[in-house]
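TrEMBL annotations:
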DOMAIN    A:23-559  domain 'Cytochrome oxidase subunit I profile'
TRANSMEM  A:40-62  transmembrane segment
TRANSMEM  A:82-110  transmembrane segment
TRANSMEM  A:130-151  transmembrane segment
TRANSMEM  A:171-192  transmembrane segment
TRANSMEM  A:213-241  transmembrane segment
TRANSMEM  A:274-295  transmembrane segment
TRANSMEM  A:307-328  transmembrane segment
TRANSMEM  A:340-363  transmembrane segment
TRANSMEM  A:375-398  transmembrane segment
TRANSMEM  A:410-433  transmembrane segment
TRANSMEM  A:453-475  transmembrane segment
TRANSMEM  A:495-519  transmembrane segment
REGION    A:572-592  region 'Disordered'
Amino acid sequence: MVDVPYDRIADVPPAEVPEVELYHPKSWWTQYVFSQDAKVIAIQYSLTATAIGLVALVLSWLMRLQLGFPGTFSFIDANQYLQFITMHGMIMVIYLLTALFLGGFGNYLIPLMVGARDMVFPYVNMLSYWVYLLAVLVLASTFFVPGGPTGAGWTLYPPQAILSGTPGQDWGIILMLSSLILFIIGFTMGGLNYVVTVLQARTRGMTLMRMPLTVWGIFTATVMALLAFPALFVASVMMLFDRVLGTSFFMPALVEMGQQMKYGGGSPILFQHLFWFFGHPEVYIVALPAFGIVSDLISTHARKNIFGYRMMVWAIVAIGALSFIVWAHHMYVSGMHPHFGFFFATTTLIIAIPTAIKVYNWVLTLWRGDIHLTVPMLFALGFIITFVNGGLTGLFLGNVVVDVPLSDTMFVVAHFHMVMGVAPIMVVLGAIYHWYPKVTGRMLDDWMGKFHFWVTFLGAYLIFFPMHYIGLLGVPRRYHEIGEAAFIPSSTHTLNAFITVMALMVGFAQMVFLFNLVWSYFKGRPSGGNPWRATTLEWQTPETPPGHGNWGKELPVVYRWAYDYSVPGAEQDFIPQNQPPRPTRAVQEAAP
Amino acid sequence: MAETALTNREKSPAQTAGWKGIAADWSSDQRAFKNVSWGKAMMWIFLLSDTFIFSCFLLSYMTARMSTTVPWPNPSEVFALEIAGQHIPLILIAIMTFILISSSGTMAMAVNFGYRRDRVKTAVLMLVTAALGATFVGMQAFEWTKLIMEGVRPWENPWGAAQFGSSFFMITGFHGTHVTFGVIFLVAIARKVWRGDFDHGRRGFFTSRKGNYEIVEIMGLYWHFVDLVWVFIFAFFYLW
């Protein structure tokens with residue numbers, strides 16, 4: 001029938017651009033320290049983020065000690081408590097989660113998953129990390145300056161953020177704002193790289209609709225970050241001027257200690273708008289990479305293709321777009337016009353639709369799957385449950401009339417910790433268990449992993465479920481001590497002590513995890529190149545860990561989507577993306 | 001490396017026009033924007049991000065200006081100069097705007113000559129652009145000095161709302177910083193063009209990559225963007 005030999009590469013379009021030669025390190029310094037290799041930069045990002053994240057973890061213990069046993073710890077006073085919550089929040093949201101998902105996972109996975117040798121501009125990518133490190137150091141330095149770090153709360157609302165009643169008014173707030181500005185500059189350099197790499201540097205056959213959802217999540221989140229961080233940048237610059245130069249962008253006329261201040265005519269609400277125009281997309285900047293990664297974890301460990309891949313992609317894009325028009329639902333009690341509240345409540349609840357699509361599709365992927373309860377899978381399941389929990393309380397808070405009484409209570413704290421604290425961290429941990437073998441060539445210890453999962457998962461619920469209840473009772477957040485109030489039953493104190501004990505136990509489990517990371521690096525079971533028998537390109541590299549340039553001599557060619565698991569008739573229960581299709585029978589017969 | 005399969009360096013003949021073409025490009029492999037280099041794509045996306053920064057600055061300024069209860073100083077008067085006994089409103093800003101728009105013209109010419117690989121003319125036109133940009137920044141420095149001498153400070157001014165000075169110094173300062181960076185990069189790239197780096201394939205010091213004349217166009221994108229932003233600042237700050 002066909003008299004030409006079957007050419008399996010013919011149906012993949014030819015390469016469009018010549019390969020760009022990589023920077024080849026010439027010394028130890030340029031190989032491991034000032035490295036332009038995305039994989040090294042990813043590890044640098046991850047280690048730095050983890051290190052500063054540990055600081056934030058310790059701060060959370062100190063906060064819990066104070067809340068659980070008020071008055072027992074003389075070294076925690078009210079000012080320090082405020083400084084702890086501020087630094088804990090800011091570090092966790094921006095310097096840990098954003099940096100880890102985009103700088104860490106983004107740098108490691110994007111080039112490998114789209115079949116590129118590196119990011120498009122490795123030098124700029126390297127600068128991104130060093131500016132990020134500088135931002136982290138400036139942030140960390142606030143612990144050692146006179147007055148300590150700022151205690152304005154992670155939202156840094158003016159006017160209180162720069163008034164003398166707030167701890168850290170001398171140096172803390174200045175360095176915090178400077179650090180944010182640096183972070184945004186550094187992130188922009190990296191983020192441009194991630195976006196252009198996904199758009200313009202994919203390998204042959206890798207269409208956008210064949211990309212793993214991990215890449216889709218990180219890509220969309222990066223685009224959002226490039227559009228949302230400008231608002232925070234501007235807000236930080238303006239507040240810095242208010243503090244340092246005495247301008248009045250955000251500062252109304254004020255009397256402080258009986259003295260009329262020089263400020264006047266500024267708008268604190270303007271800051272809130274700018275902050276939340278960044279702040280709400282930021283929630284999804286953290287959540288979308290988690291959505292993407294968890295999709296891949298579930299599909300791989302349930303040996304089933306992801307359910308509704310296209311819908312998953314469009315849901316990610318829709319969530320990304322919608323998240324830019326919901327910001328004022330953080331401002332229902334700021335005194336804005338009720339009609340705005342109605343508009344923002346509506347858009348907020350509309351986001352539930354694409355989000356629900358994603359949750360259904362995860363569950364339907366699991367349905368009748370060949371579920372392997374590996375540690376990454378456990379964390380993925382933990383994520384789904386936690387995210388649904390946090391999402392449901394989000395529906396409460398998205399409605400104006402329900403939000404107003406719940407605003408600024410522990411209910412809000414419990415809600416956002418579930419939805420954008422615990423849930424993404426579950427994915428981060430699952431992803432580390434999943435990709436650690438690729439990064440190091442060794443498996444993480446399974447027993448320690450399962451211990452880590454169960455303590456973290458159950459512990460997180462034992463921390464945050466009671467916290468919802470405490471919030472419903474009306475216990476306000478950001479109070480270092482609730483004291484004796486008529487509306488607060490004494491059992492609240494017992495619950496607070498219980499939460500504190502749980503928080504310390506979950507913290508201990510993280511130490512086991514860190515020990516596991518170090519121990520397995522030296523003593524872990526060798527993993528081989530593809531321990532999870534996964535389809536995506538990063539598992540098909542010629543070397544593990546992948547070498548400089550990722551792919552050896554030839555770039556991989558992609559023939560299929562990322563989810564060919566348990567394909568009927570296939571020899572194995574997975575088909576890697578770069579495995580050519582079998583020739584059709586007619587061609588087979590015709591070929592000699 | 002894999003040089004054998006490079007049949008498609010130029011514009012693909014299969015490309016279709018209009019929406020169908022866009023859909024075809026975005027559903028194809030390798031590149032979403034066909035015939036757009038990495039550098040150019042990156043500059044466009046950066047400019048999109050930068051647009052958000054300037055938009056936030058301008059919107060914040062407008063919010064401050066609309067919500068302040070103190071009268072806003074009249075820009076026509078504030079930015080007037082006495083030249084030869086004549087009181088001319090906005091004259092300095094008009095000249096600055098003219099200079100900056102002209103520099104866009106010389107930049108466009110530099111891009112044109114860059115694509116003709118005309119080493120000398122490209123470099124000279126880029127330096128002219130840089131000189132015009134530096135003149136702009138110099139005139140801005142003059143304007144700042146004049147206003148400071150008249151008592152305008154970020155926190156107060158003699159004529160009305162304090163936010164006038166705050167917004168003025170912040171927005172023109174941020175834009176002036178953009179122009180200054182542009183001048184520095186123009187000079188750096190003009191030097192590379194002049195030296196013939198892009199003709200001989202000389203490798204970058206940091207990146208060890210070979211550059212090409214397209215960098216002139218990418219530089220041009222940035223420069224035109226900075227000029228465009230100035231038009232908005234001119235309209236919203238000085239003419240309003």
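Cβ coordinates come from backbone N, Cα and C, glycine included.
Within the chain carrying the transmembrane segment (A:274-295), a Cβ under 8 angstroms from the stretch's Cβ atoms is held by residues 93-94, 97-98, 101-102, 105-106, 155-157, 212-218, 220-221, 224-225, 227-232, 234-235, 238, 306, 312, 316, 319-320, 323-324, 326-331, 358, 361-362, 365, 380, 383-384, 416, 419-420, 423-424, 427-428, 430-431, all 6 or more beyond its ends. Within the same chain, residues 38-39, 41-43, 45-46, 48-50, 52-53, 55-56, 59-60, 62-63, 76, 116, 119, 125, 128-129, 132, 135-136, 139, 142-143, 148-154, 156, 166-168, 172, 176, 180, 183, 187, 190-191, 194, 197-198, 214-215, 218-219, 221-222, 225, 282, 285-286, 289-290, 293, 420-421, 424-425, 428, 431, 435, 439, 478, 480, 538 sit at least 6 positions outside the transmembrane segment (A:82-110) and bring their C-beta atoms closer than 8 Å to a C-beta of that stretch. Per-stretch counts of Cβ pairs under 8 Å to the transmembrane segment (A:171-192) identify A:130-151 as the leading one among A:40-62, A:130-151, A:375-398, A:410-433, A:495-519. Same-chain residues lying 6+ beyond the ends of the transmembrane segment (A:340-363) with a Cβ under 8 Å from its Cβ atoms: 291, 294-295, 298, 306-308, 311-312, 314-316, 318-319, 322-323, 325-329, 332, 384, 387-388, 391, 394-395, 398-400. Scored by C-beta pairs under 8 angstroms, the transmembrane segment (A:130-151) has its highest count with A:40-62, from the stretches A:40-62, A:213-241, A:307-328, A:410-433, A:495-519. In the predicted model, the domain 'Cytochrome oxidase subunit I profile' (A:23-559) has a mean pLDDT of 94.
Here the transmembrane segment (A:375-398) has Cβ contacts under 8 Å with residues 290, 294, 297-298, 300-302, 329, 345, 348-349, 352, 355, 359, 362-363, 366, 406, 411-412, 414-420, 422-424, 426-427, 429-431, 433-434, 444, 446, 449-450, 452-453, 456-457, 460, 468, 532 of the same chain, all six or more residues outside its ends.
Between the transmembrane segment (A:40-62) and the transmembrane segment (A:410-433) there are fewer than 3 Cβ pairs closer than 8 Å, counting only pairs 6 or more residues apart in sequence, which means the two stretches are not in contact. Counting same-chain residues at least six beyond the ends of the transmembrane segment (A:213-241), those with a Cβ under 8 angstroms from any Cβ of the stretch are 98, 101-102, 105-106, 109-110, 113-114, 156, 158, 161-162, 173-174, 177-178, 180-181, 184, 187-188, 191-192, 194-195, 198, 247, 249-250, 271, 274-275, 277-279, 281-282, 284-286, 288-293, 295-296, 306, 309, 312-313, 316-317, 320, 323-324, 536, 562.
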